[in-house]
Amino acid sequence: MNVTSLFSFTSPAVKRLLGWKQGDEEEKWAEKAVDALVKKLKKKKGAMEELEKALSCPGQPSNCVTIPRSLDGRLQVSHRKGLPHVIYCRVWRWPDLQSHHELKPLECCEFPFGSKQKEVCINPYHYKRVESPVLPPVLVPRHSEYNPQHSLLAQFRNLGQNEPHMPLNATFPDSFQQPHSHPFAQYPNSSYPNSPGSSSSTYPHSPTSSDPGSPFQMPADTPPPAYLPPEDPMAQDGSQPMDTNMTNMTAPTLPAEINRGDVQAVAYEEPKHWCSIVYYELNNRVGERFHASSTSVLVDGFTDPSNNKNRFCLGLLSNVNRNSTIENTRRHIGKGVHLYYVGGEVYAECLSDSSIFVQSRNCNYHHGFHPTTVCKIPSGCSLKIFNNQEFAQLLAQSVNHGFETEYELTKMCTIRMSFVKGWGAEYHRQDVTSTPCWIEIHLHGPLQWLDKVLTQMGSPHNPISSVS
(Lines of atoms letter the chains of each structure in order from A and count residues from 1; the text may use other names and numbers.)
(Lines give C-alpha, C1' and ligand atoms only; values in the text may rest on other atoms or scores of the structure.)
Protein backbone atom coordinates (compact mmCIF):
# COMPACT_ATOMS: atom_id res chain seq x y z
CA MET A 1 0.00 0.00 0.00
CA ASN A 2 1.48 3.35 -1.00
CA VAL A 3 1.35 6.54 1.04
CA THR A 4 -1.26 8.17 -1.20
CA SER A 5 -3.78 5.36 -0.79
CA LEU A 6 -3.04 5.15 2.94
CA PHE A 7 -4.22 8.70 3.54
CA SER A 8 -6.93 8.90 0.87
CA PHE A 9 -10.39 8.02 2.09
CA THR A 10 -13.59 8.00 0.08
CA SER A 11 -16.77 8.11 2.15
CA PRO A 12 -19.43 5.41 1.59
CA ALA A 13 -21.89 8.06 0.35
CA VAL A 14 -19.44 9.26 -2.32
CA LYS A 15 -18.65 5.67 -3.35
CA ARG A 16 -22.37 4.96 -3.70
CA LEU A 17 -22.96 7.99 -5.90
CA LEU A 18 -19.88 7.22 -8.02
CA GLY A 19 -21.51 3.90 -8.86
CA TRP A 20 -23.78 5.78 -11.28
CA LYS A 21 -20.93 7.75 -12.89
CA GLN A 22 -20.84 7.68 -16.70
CA GLY A 23 -17.62 7.23 -18.65
CA ASP A 24 -14.21 6.14 -17.38
CA GLU A 25 -12.19 9.35 -17.73
CA GLU A 26 -11.19 11.83 -15.03
CA GLU A 27 -11.93 9.53 -12.10
CA LYS A 28 -10.22 11.79 -9.55
CA TRP A 29 -11.98 14.92 -10.78
CA ALA A 30 -15.38 13.21 -10.66
CA GLU A 31 -14.67 11.91 -7.16
CA LYS A 32 -13.79 15.41 -5.94
CA ALA A 33 -16.90 16.86 -7.60
CA VAL A 34 -19.14 14.29 -5.93
CA ASP A 35 -17.38 14.69 -2.58
CA ALA A 36 -17.97 18.48 -2.69
CA LEU A 37 -21.63 17.87 -3.50
CA VAL A 38 -22.12 15.36 -0.67
CA LYS A 39 -20.78 17.88 1.85
CA LYS A 40 -23.38 20.41 0.69
CA LEU A 41 -26.29 17.95 0.52
CA LYS A 42 -25.68 16.47 3.98
CA LYS A 43 -26.77 19.82 5.42
CA LYS A 44 -30.23 19.36 3.85
CA LYS A 45 -32.62 16.77 5.17
CA GLY A 46 -33.60 14.22 2.54
CA ALA A 47 -31.44 15.71 -0.23
CA MET A 48 -29.05 12.76 -0.47
CA GLU A 49 -31.94 10.30 -0.59
CA GLU A 50 -33.64 12.32 -3.34
CA LEU A 51 -30.48 12.36 -5.45
CA GLU A 52 -29.96 8.61 -5.05
CA LYS A 53 -33.60 8.03 -6.00
CA ALA A 54 -33.18 10.12 -9.18
CA LEU A 55 -29.98 8.30 -10.17
CA SER A 56 -31.30 4.81 -9.45
CA CYS A 57 -34.69 5.32 -11.13
CA PRO A 58 -34.00 7.65 -14.08
CA GLY A 59 -37.37 7.03 -15.70
CA GLN A 60 -39.34 7.96 -12.58
CA PRO A 61 -40.37 11.48 -11.45
CA SER A 62 -38.00 13.03 -8.90
CA ASN A 63 -37.77 16.27 -6.95
CA CYS A 64 -35.24 19.06 -7.32
CA VAL A 65 -31.89 18.52 -5.61
CA THR A 66 -30.49 21.98 -4.91
CA ILE A 67 -27.32 23.68 -3.71
CA PRO A 68 -26.80 27.41 -2.99
CA ARG A 69 -25.92 29.56 -6.00
CA SER A 70 -22.48 31.17 -5.80
CA LEU A 71 -21.89 34.83 -6.64
CA ASP A 72 -20.79 34.16 -10.21
CA GLY A 73 -22.95 31.05 -10.59
CA ARG A 74 -19.96 28.73 -10.85
CA LEU A 75 -18.51 25.97 -8.71
CA GLN A 76 -14.80 25.22 -8.30
CA VAL A 77 -13.67 21.60 -8.30
CA SER A 78 -9.94 20.90 -8.13
CA HIS A 79 -8.76 24.19 -9.68
CA ARG A 80 -11.42 24.01 -12.40
CA LYS A 81 -14.48 26.25 -12.37
CA GLY A 82 -17.75 25.22 -13.99
CA LEU A 83 -21.48 25.61 -13.73
CA PRO A 84 -22.89 23.16 -11.16
CA HIS A 85 -25.65 21.64 -13.29
CA VAL A 86 -23.16 21.11 -16.13
CA ILE A 87 -20.64 19.44 -13.80
CA TYR A 88 -23.13 16.91 -12.41
CA CYS A 89 -24.83 16.24 -15.74
CA ARG A 90 -21.34 15.45 -17.03
CA VAL A 91 -20.63 13.10 -14.13
CA TRP A 92 -23.90 11.17 -14.24
CA ARG A 93 -25.28 11.47 -17.76
CA TRP A 94 -23.13 12.95 -20.53
CA PRO A 95 -19.31 12.76 -20.07
CA ASP A 96 -18.81 14.66 -23.35
CA LEU A 97 -20.89 17.67 -22.23
CA GLN A 98 -19.05 20.93 -22.92
CA SER A 99 -21.31 23.88 -22.17
CA HIS A 100 -24.54 25.03 -20.51
CA HIS A 101 -25.74 25.88 -24.02
CA GLU A 102 -26.18 22.13 -24.54
CA LEU A 103 -28.70 21.81 -21.68
CA LYS A 104 -32.32 22.81 -21.18
CA PRO A 105 -34.33 22.29 -17.97
CA LEU A 106 -37.43 20.12 -17.91
CA GLU A 107 -40.74 21.81 -17.06
CA CYS A 108 -40.90 19.93 -13.75
CA CYS A 109 -37.71 21.63 -12.50
CA GLU A 110 -38.51 24.38 -9.98
CA PHE A 111 -34.92 25.66 -9.57
CA PRO A 112 -33.34 25.54 -13.05
CA PHE A 113 -29.98 27.23 -13.43
CA GLY A 114 -31.35 29.97 -15.67
CA SER A 115 -34.05 31.10 -13.21
CA LYS A 116 -31.61 33.23 -11.15
CA GLN A 117 -32.89 31.87 -7.82
CA LYS A 118 -30.77 31.51 -4.69
CA GLU A 119 -30.78 27.73 -5.09
CA VAL A 120 -29.74 25.76 -8.20
CA CYS A 121 -31.05 22.31 -9.09
CA ILE A 122 -28.27 19.84 -9.92
CA ASN A 123 -30.55 16.81 -10.45
CA PRO A 124 -29.16 15.52 -13.77
CA TYR A 125 -32.57 14.11 -14.70
CA HIS A 126 -34.16 17.56 -14.50
CA TYR A 127 -32.22 18.61 -17.62
CA LYS A 128 -32.30 17.43 -21.20
CA ARG A 129 -29.69 17.77 -23.89
CA VAL A 130 -30.46 20.19 -26.71
CA GLU A 131 -31.24 18.24 -29.85
CA SER A 132 -30.10 19.28 -33.29
CA PRO A 133 -33.21 20.54 -35.11
CA VAL A 134 -34.23 18.89 -38.35
CA LEU A 135 -34.04 21.55 -41.03
CA PRO A 136 -36.69 21.34 -43.76
CA PRO A 137 -35.41 21.08 -47.34
CA VAL A 138 -35.40 24.19 -49.49
CA LEU A 139 -37.82 23.86 -52.40
CA VAL A 140 -36.25 25.23 -55.58
CA PRO A 141 -38.63 25.85 -58.54
CA ARG A 142 -37.47 23.89 -61.60
CA HIS A 143 -38.61 26.69 -63.90
CA SER A 144 -38.19 30.35 -63.02
CA GLU A 145 -41.41 32.35 -63.16
CA TYR A 146 -39.65 35.67 -62.67
CA ASN A 147 -39.13 38.24 -65.38
CA PRO A 148 -35.42 39.04 -65.91
CA GLN A 149 -36.41 42.70 -65.81
CA HIS A 150 -37.32 42.23 -62.15
CA SER A 151 -33.90 41.04 -61.04
CA LEU A 152 -32.93 42.24 -57.59
CA LEU A 153 -29.32 42.90 -58.55
CA ALA A 154 -30.02 46.63 -58.67
CA GLN A 155 -31.25 46.47 -55.07
CA PHE A 156 -27.94 44.90 -54.02
CA ARG A 157 -26.08 47.75 -55.70
CA ASN A 158 -28.24 50.20 -53.76
CA LEU A 159 -27.72 48.29 -50.52
CA GLY A 160 -23.98 48.41 -50.98
CA GLN A 161 -24.11 52.14 -51.62
CA ASN A 162 -26.34 52.77 -48.60
CA GLU A 163 -24.19 50.85 -46.14
CA PRO A 164 -22.33 53.21 -43.80
CA HIS A 165 -18.71 53.99 -44.56
CA MET A 166 -17.79 52.32 -41.28
CA PRO A 167 -19.63 49.48 -39.49
CA LEU A 168 -21.79 50.46 -36.53
CA ASN A 169 -20.91 49.10 -33.09
CA ALA A 170 -22.83 47.31 -30.34
CA THR A 171 -21.70 46.00 -26.94
CA PHE A 172 -23.01 42.74 -25.49
CA PRO A 173 -25.10 42.54 -23.39
CA ASP A 174 -25.91 46.26 -22.94
CA SER A 175 -26.95 46.95 -26.53
CA PHE A 176 -29.01 43.79 -27.00
CA GLN A 177 -32.79 43.83 -26.69
CA GLN A 178 -34.85 40.67 -26.31
CA PRO A 179 -35.14 39.58 -29.94
CA HIS A 180 -38.69 38.24 -30.02
CA SER A 181 -40.42 40.94 -27.98
CA HIS A 182 -40.69 43.58 -30.69
CA PRO A 183 -42.74 43.93 -33.87
CA PHE A 184 -41.10 42.81 -37.10
CA ALA A 185 -39.52 45.54 -39.18
CA GLN A 186 -37.08 45.82 -42.05
CA TYR A 187 -34.09 47.92 -42.91
CA PRO A 188 -34.57 50.10 -46.00
CA ASN A 189 -33.31 48.43 -49.19
CA SER A 190 -32.19 45.39 -47.19
CA SER A 191 -32.03 42.19 -49.18
CA TYR A 192 -32.97 40.09 -46.14
CA PRO A 193 -36.60 39.40 -45.20
CA ASN A 194 -37.88 40.96 -41.97
CA SER A 195 -35.55 40.44 -39.07
CA PRO A 196 -37.07 39.22 -35.79
CA GLY A 197 -35.24 41.68 -33.54
CA SER A 198 -35.71 45.04 -35.22
CA SER A 199 -38.00 47.61 -33.68
CA SER A 200 -37.01 50.42 -36.01
CA SER A 201 -37.22 50.92 -39.75
CA THR A 202 -33.99 52.93 -39.86
CA TYR A 203 -30.40 51.99 -39.17
CA PRO A 204 -29.84 52.24 -35.41
CA HIS A 205 -26.90 54.44 -34.49
CA SER A 206 -26.75 52.64 -31.20
CA PRO A 207 -28.93 49.56 -30.66
CA THR A 208 -31.59 49.63 -27.98
CA SER A 209 -30.43 48.77 -24.48
CA SER A 210 -31.93 46.04 -22.33
CA ASP A 211 -31.37 44.21 -19.09
CA PRO A 212 -27.87 42.81 -19.45
CA GLY A 213 -28.49 39.82 -17.18
CA SER A 214 -25.58 37.52 -16.38
CA PRO A 215 -23.42 35.58 -18.82
CA PHE A 216 -23.86 32.56 -16.58
CA GLN A 217 -27.64 32.76 -16.61
CA MET A 218 -28.37 32.91 -20.31
CA PRO A 219 -29.91 29.68 -21.62
CA ALA A 220 -30.04 29.24 -25.37
CA ASP A 221 -33.04 30.89 -26.99
CA THR A 222 -35.87 28.60 -27.99
CA PRO A 223 -35.36 28.07 -31.71
CA PRO A 224 -38.04 29.53 -33.99
CA PRO A 225 -40.24 27.08 -35.91
CA ALA A 226 -38.79 25.84 -39.18
CA TYR A 227 -39.87 27.61 -42.36
CA LEU A 228 -41.35 26.51 -45.69
CA PRO A 229 -42.90 28.75 -48.36
CA PRO A 230 -46.47 29.84 -47.47
CA GLU A 231 -48.10 27.80 -50.22
CA ASP A 232 -46.47 24.63 -48.94
CA PRO A 233 -46.88 24.53 -45.16
CA MET A 234 -45.21 21.74 -43.26
CA ALA A 235 -45.38 21.08 -39.54
CA GLN A 236 -42.12 20.87 -37.63
CA ASP A 237 -36.57 21.14 -30.70
CA GLY A 238 -13.86 17.17 -24.02
CA SER A 239 -15.72 17.66 -27.04
CA GLN A 240 -18.16 15.79 -29.09
CA PRO A 241 -17.13 14.32 -32.44
CA MET A 242 -19.10 15.54 -35.41
CA ASP A 243 -20.35 12.09 -36.37
CA THR A 244 -22.41 11.27 -33.26
CA ASN A 245 -25.41 13.62 -33.04
CA MET A 246 -25.05 16.19 -35.80
CA THR A 247 -25.07 13.82 -38.76
CA ASN A 248 -28.42 12.32 -37.73
CA MET A 249 -30.26 15.33 -39.13
CA THR A 250 -32.08 13.72 -42.05
CA ALA A 251 -34.64 15.57 -44.11
CA PRO A 252 -38.28 15.05 -43.08
CA THR A 253 -40.70 13.29 -45.39
CA LEU A 254 -42.33 15.74 -47.76
CA PRO A 255 -46.14 15.94 -47.79
CA ALA A 256 -47.82 14.63 -50.93
CA GLU A 257 -48.79 18.08 -52.20
CA ILE A 258 -45.15 19.14 -52.55
CA ASN A 259 -43.89 15.85 -54.00
CA ARG A 260 -44.37 17.31 -57.43
CA GLY A 261 -42.26 17.78 -60.49
CA ASP A 262 -42.06 21.57 -60.52
CA VAL A 263 -39.83 21.89 -57.44
CA GLN A 264 -36.55 20.31 -56.42
CA ALA A 265 -36.09 19.66 -52.67
CA VAL A 266 -32.55 20.46 -51.49
CA ALA A 267 -31.86 19.01 -48.02
CA TYR A 268 -29.30 20.12 -45.43
CA GLU A 269 -26.42 17.74 -44.80
CA GLU A 270 -23.97 18.04 -41.92
CA PRO A 271 -20.38 18.20 -43.23
CA LYS A 272 -17.38 16.40 -41.74
CA HIS A 273 -15.95 19.72 -40.50
CA TRP A 274 -18.59 22.17 -39.29
CA CYS A 275 -16.28 25.15 -39.85
CA SER A 276 -12.81 26.22 -40.88
CA ILE A 277 -10.86 29.13 -39.37
CA VAL A 278 -8.25 31.35 -41.00
CA TYR A 279 -5.99 33.67 -38.98
CA TYR A 280 -4.94 37.13 -40.18
CA GLU A 281 -2.63 39.88 -39.00
CA LEU A 282 -3.79 43.15 -40.58
CA ASN A 283 -4.45 42.14 -44.21
CA ASN A 284 -1.98 39.23 -44.23
CA ARG A 285 -3.11 35.64 -43.85
CA VAL A 286 -0.86 33.77 -41.43
CA GLY A 287 -0.53 29.98 -41.19
CA GLU A 288 -2.71 27.18 -42.51
CA ARG A 289 -6.48 26.91 -42.43
CA PHE A 290 -7.79 25.17 -39.28
CA HIS A 291 -10.58 22.60 -39.83
CA ALA A 292 -12.89 22.00 -36.85
CA SER A 293 -13.52 18.28 -36.37
CA SER A 294 -15.07 18.84 -32.94
CA THR A 295 -18.20 20.69 -31.86
CA SER A 296 -16.11 22.58 -29.29
CA VAL A 297 -13.07 24.55 -30.45
CA LEU A 298 -10.62 26.81 -28.60
CA VAL A 299 -8.81 29.60 -30.45
CA ASP A 300 -6.12 30.96 -28.10
CA GLY A 301 -2.82 32.81 -28.07
CA PHE A 302 -0.78 29.97 -26.59
CA THR A 303 1.37 27.20 -28.06
CA ASP A 304 0.34 23.56 -27.83
CA PRO A 305 3.09 21.06 -28.69
CA SER A 306 0.61 18.16 -28.37
CA ASN A 307 -1.16 19.36 -31.55
CA ASN A 308 -4.61 19.08 -29.94
CA LYS A 309 -7.25 18.84 -32.70
CA ASN A 310 -9.71 20.86 -30.60
CA ARG A 311 -7.38 23.87 -30.27
CA PHE A 312 -6.20 26.44 -32.79
CA CYS A 313 -3.12 27.90 -31.08
CA LEU A 314 -2.19 31.24 -32.62
CA GLY A 315 0.98 31.42 -30.53
CA LEU A 316 2.57 28.81 -32.80
CA LEU A 317 2.25 30.92 -35.95
CA SER A 318 5.13 33.06 -37.23
CA ASN A 319 5.03 36.09 -39.52
CA VAL A 320 8.15 37.94 -40.74
CA ASN A 321 6.07 41.10 -41.30
CA ARG A 322 4.86 41.28 -37.69
CA ASN A 323 5.18 44.74 -36.10
CA SER A 324 5.25 45.79 -32.43
CA THR A 325 1.48 46.50 -32.33
CA ILE A 326 0.73 42.96 -33.54
CA GLU A 327 3.25 41.48 -31.07
CA ASN A 328 1.65 43.37 -28.18
CA THR A 329 -1.87 42.38 -29.24
CA ARG A 330 -0.89 38.70 -29.53
CA ARG A 331 0.39 38.80 -25.94
CA HIS A 332 -3.09 39.87 -24.80
CA ILE A 333 -5.10 37.19 -26.67
CA GLY A 334 -4.52 34.75 -23.80
CA LYS A 335 -7.27 32.13 -23.52
CA GLY A 336 -8.95 33.65 -26.56
CA VAL A 337 -12.38 32.44 -27.62
CA HIS A 338 -14.32 29.21 -27.16
CA LEU A 339 -16.54 28.32 -30.13
CA TYR A 340 -19.40 25.88 -29.57
CA TYR A 341 -21.58 24.27 -32.25
CA VAL A 342 -24.60 22.80 -30.51
CA GLY A 343 -28.21 22.23 -31.53
CA GLY A 344 -27.68 23.92 -34.88
CA GLU A 345 -26.39 27.08 -33.17
CA VAL A 346 -22.91 28.59 -32.93
CA TYR A 347 -21.81 30.38 -29.74
CA ALA A 348 -18.70 32.43 -29.05
CA GLU A 349 -17.52 32.67 -25.43
CA CYS A 350 -14.80 35.21 -24.65
CA LEU A 351 -12.23 33.53 -22.38
CA SER A 352 -9.62 36.24 -22.89
CA ASP A 353 -9.15 39.01 -20.33
CA SER A 354 -9.65 41.41 -23.26
CA SER A 355 -12.85 41.71 -25.29
CA ILE A 356 -13.40 40.12 -28.68
CA PHE A 357 -15.25 41.82 -31.55
CA VAL A 358 -17.59 39.90 -33.85
CA GLN A 359 -19.16 40.75 -37.18
CA SER A 360 -21.88 38.17 -37.89
CA ARG A 361 -24.68 39.06 -40.30
CA ASN A 362 -26.82 36.24 -38.93
CA CYS A 363 -26.47 37.56 -35.37
CA ASN A 364 -27.13 41.12 -36.56
CA TYR A 365 -30.24 39.98 -38.44
CA HIS A 366 -31.53 38.23 -35.31
CA HIS A 367 -31.10 41.35 -33.16
CA GLY A 368 -32.29 43.86 -35.75
CA PHE A 369 -28.89 45.51 -36.20
CA HIS A 370 -27.45 46.75 -39.47
CA PRO A 371 -25.90 43.76 -41.31
CA THR A 372 -22.32 45.00 -40.88
CA THR A 373 -22.55 45.91 -37.16
CA VAL A 374 -19.57 44.81 -35.05
CA CYS A 375 -20.54 43.40 -31.63
CA LYS A 376 -18.19 43.65 -28.66
CA ILE A 377 -18.20 40.57 -26.38
CA PRO A 378 -16.52 41.33 -23.02
CA SER A 379 -14.50 38.79 -21.06
CA GLY A 380 -16.63 36.04 -19.51
CA CYS A 381 -19.62 36.59 -21.81
CA SER A 382 -20.96 34.33 -24.55
CA LEU A 383 -23.12 35.26 -27.53
CA LYS A 384 -25.00 33.20 -30.11
CA ILE A 385 -23.41 34.20 -33.42
CA PHE A 386 -25.23 31.89 -35.85
CA ASN A 387 -28.55 30.03 -35.95
CA ASN A 388 -29.07 27.32 -38.58
CA GLN A 389 -32.87 27.55 -38.36
CA GLU A 390 -32.98 31.28 -39.04
CA PHE A 391 -30.58 30.75 -41.95
CA ALA A 392 -32.91 28.01 -43.26
CA GLN A 393 -35.84 30.44 -43.15
CA LEU A 394 -33.90 33.06 -45.11
CA LEU A 395 -32.69 30.48 -47.61
CA ALA A 396 -36.23 29.21 -48.25
CA GLN A 397 -37.67 32.72 -48.55
CA SER A 398 -34.91 34.07 -50.78
CA VAL A 399 -35.20 31.26 -53.34
CA ASN A 400 -38.38 32.89 -54.66
CA HIS A 401 -36.63 36.23 -55.19
CA GLY A 402 -34.03 35.09 -57.68
CA PHE A 403 -30.41 33.98 -57.84
CA GLU A 404 -28.87 37.27 -56.72
CA THR A 405 -30.91 37.44 -53.50
CA GLU A 406 -29.91 33.86 -52.68
CA TYR A 407 -26.26 34.52 -53.52
CA GLU A 408 -26.22 37.47 -51.10
CA LEU A 409 -26.62 34.95 -48.25
CA THR A 410 -23.02 33.77 -48.77
CA LYS A 411 -21.98 36.80 -46.69
CA MET A 412 -23.99 35.38 -43.78
CA CYS A 413 -21.95 32.15 -43.79
CA THR A 414 -18.69 33.93 -42.93
CA ILE A 415 -18.02 35.43 -39.48
CA ARG A 416 -15.16 37.80 -38.70
CA MET A 417 -13.74 38.18 -35.22
CA SER A 418 -10.90 40.35 -33.89
CA PHE A 419 -9.00 39.98 -30.63
CA VAL A 420 -8.28 42.84 -28.18
CA LYS A 421 -8.72 45.65 -30.75
CA GLY A 422 -12.11 46.57 -32.24
CA TRP A 423 -13.13 48.26 -35.47
CA GLY A 424 -16.05 50.34 -36.71
CA ALA A 425 -17.59 53.78 -36.19
CA GLU A 426 -16.56 53.99 -32.51
CA TYR A 427 -12.93 52.96 -33.13
CA HIS A 428 -10.12 54.53 -35.12
CA ARG A 429 -9.84 51.32 -37.17
CA GLN A 430 -12.49 51.36 -39.88
CA ASP A 431 -12.09 47.83 -41.25
CA VAL A 432 -11.26 44.43 -39.79
CA THR A 433 -8.13 44.30 -41.98
CA SER A 434 -6.81 47.23 -39.92
CA THR A 435 -6.97 45.22 -36.67
CA PRO A 436 -3.73 43.51 -35.56
CA CYS A 437 -5.12 40.00 -34.96
CA TRP A 438 -8.34 38.56 -36.33
CA ILE A 439 -9.90 35.35 -37.62
CA GLU A 440 -12.42 34.49 -40.31
CA ILE A 441 -14.79 31.59 -39.62
CA HIS A 442 -16.35 29.80 -42.60
CA LEU A 443 -19.47 27.75 -41.75
CA HIS A 444 -19.31 24.72 -44.04
CA GLY A 445 -22.84 23.35 -43.56
CA PRO A 446 -24.69 26.56 -44.52
CA LEU A 447 -22.20 27.31 -47.33
CA GLN A 448 -22.57 23.86 -48.89
CA TRP A 449 -26.36 23.96 -48.55
CA LEU A 450 -26.46 27.38 -50.22
CA ASP A 451 -24.15 26.15 -52.97
CA LYS A 452 -26.48 23.21 -53.74
CA VAL A 453 -29.51 25.52 -53.83
CA LEU A 454 -27.73 27.94 -56.18
CA THR A 455 -26.72 25.02 -58.42
CA GLN A 456 -30.37 23.95 -58.68
CA MET A 457 -31.43 27.53 -59.44
CA GLY A 458 -29.02 27.79 -62.38
CA SER A 459 -27.31 30.90 -63.70
CA PRO A 460 -28.41 34.39 -62.65
CA HIS A 461 -30.26 36.60 -65.12
CA ASN A 462 -27.52 39.21 -64.64
CA PRO A 463 -24.32 37.29 -63.87
CA ILE A 464 -22.39 38.74 -60.94
CA SER A 465 -18.96 39.92 -62.02
CA SER A 466 -16.16 42.21 -60.91
CA VAL A 467 -17.87 45.12 -62.65
CA SER A 468 -21.45 44.39 -61.57
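Residue positions begin at 1 at the first shown residue.
Glycine residues also receive a Cβ, built from the backbone N, Cα and C atoms like all the rest.
Taken from Swiss-Prot, the feature Zn(2+) binding site covers C64, C109, C121, H126. In three-state terms derived from DSSP, H126 (Zn(2+) binding site) belongs to a helical segment.
Taken from Swiss-Prot, the feature compositional bias 'Low complexity' covers 188-210.
The annotation compositional bias 'Pro residues' is assigned in Swiss-Prot to 221-232.
Swiss-Prot lists 237-246 with the feature compositional bias 'Polar residues'.
Per Swiss-Prot, domain 'MH1' is recorded for 12-136.
The domain 'MH2' annotation in Swiss-Prot covers 274-468.
Under the three-state DSSP scheme, T325 (phosphothreonine) falls in the helix class. The phosphothreonine annotation in Swiss-Prot covers T325.
The region 'Disordered' annotation in Swiss-Prot covers 162-246.
Positions annotated as region 'L3 loop' by Swiss-Prot: 421-431. As a whole-number mean, the pLDDT of the region 'L3 loop' (421-431) in this prediction is 92.
Panel annotation: around the region 'L3 loop' (421-431), residues 164-169, 329, 355, 357, 373-374, 376, 437 of the same chain, lying at least six beyond its termini, place a Cβ under 8 Å from a Cβ of the stretch. When the Cα atoms are compared, C109 (Zn(2+) binding site) and T325 (phosphothreonine) turn out to be 50 Å apart. Sequence-distant contacts (6 or more apart, same chain, Cβ under 8 Å) of H126 (Zn(2+) binding site) comprise A54, S62, C64, P105, L106, C108, C109, P112. Excluding the listed site residues C64, C109, C121, H126, the same chain places N63, V65, T66, P105, L106, C108, E110, F111, P112, I122, N123, Y127 with Cβ atoms within 8 Å of the centre of the Zn(2+) site Cβ atoms. Distance from the CA of T325 (phosphothreonine) to the CA of C121 (Zn(2+) binding site) is 47 Å. Remark: secondary structure over the domain 'MH1' (12-136) totals 50 helix, 18 strand, 57 coil, with classes taken from DSSP.
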